[in-house]
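Quick look at what Swiss-Prot lists:
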- 52-72: compositional bias 'Basic residues' (COMPBIAS)
- SER78: phosphoserine (MOD_RES)
- SER91: phosphoserine (MOD_RES)
- THR99: phosphothreonine (MOD_RES)
- THR101: phosphothreonine (MOD_RES)
- THR102: phosphothreonine (MOD_RES)
- SER154: phosphoserine (MOD_RES)
- 52-108: region 'Disordered' (REGION)
Amino acid sequence: MIKYTIDELFQLKPSVTLEVNFDAVEFRAIIEKVKQLQHLKEEEFNSHHVGHFGRRRSSHHHGRPKIKHNKPKVTTDSDGWCTFEAKKKGSGEDDEEETETTPTSTVPVATIAQETLKVKPNNKNISSNRPADTRDIVADKPILGFNAFAALESEDEDDEA
């Protein structure tokens, strides 16, 4: 880039003013050409930068967007058991054919049991606008003492009646 001194800039200052009736058609043609070039550059950029880079992000969080993944498939049989079906990472048919043709070792393969876990949130730590129920608060308090003899006596009385 060419650098000019202040004196040179004052000499290069245009002394001619534009006429009131200048040709706007040429000016608009130049603007349209620039718009087309910018559009082509954006298309080229988007073709190379696929994925979340092409998306616009709001400026308040400055983070990458969270890409949602599909939920795993869980099937429930007639007995009520739920089984988790994992994604297959490749074609298993090719691997089975290779192992059948070349029996090199007869080591048993360990399989991982697949289970579905249900997680319950700890509701005491979740804030709410609704006031707490006193029955829940009483149920959460630990029992300070337990009289085993009183419990045995009450069971014996129930058996006799």
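Note that Cβ sites are derived from N, Cα and C of the backbone, with glycine treated the same way.
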Close in space, distant in sequence - SER154 (phosphoserine), Cβ under 8 Å, 6 or more apart: none
Residues satisfying Cβ distance under 8 Å from SER78 (phosphoserine), sequence separation of at least 6: none
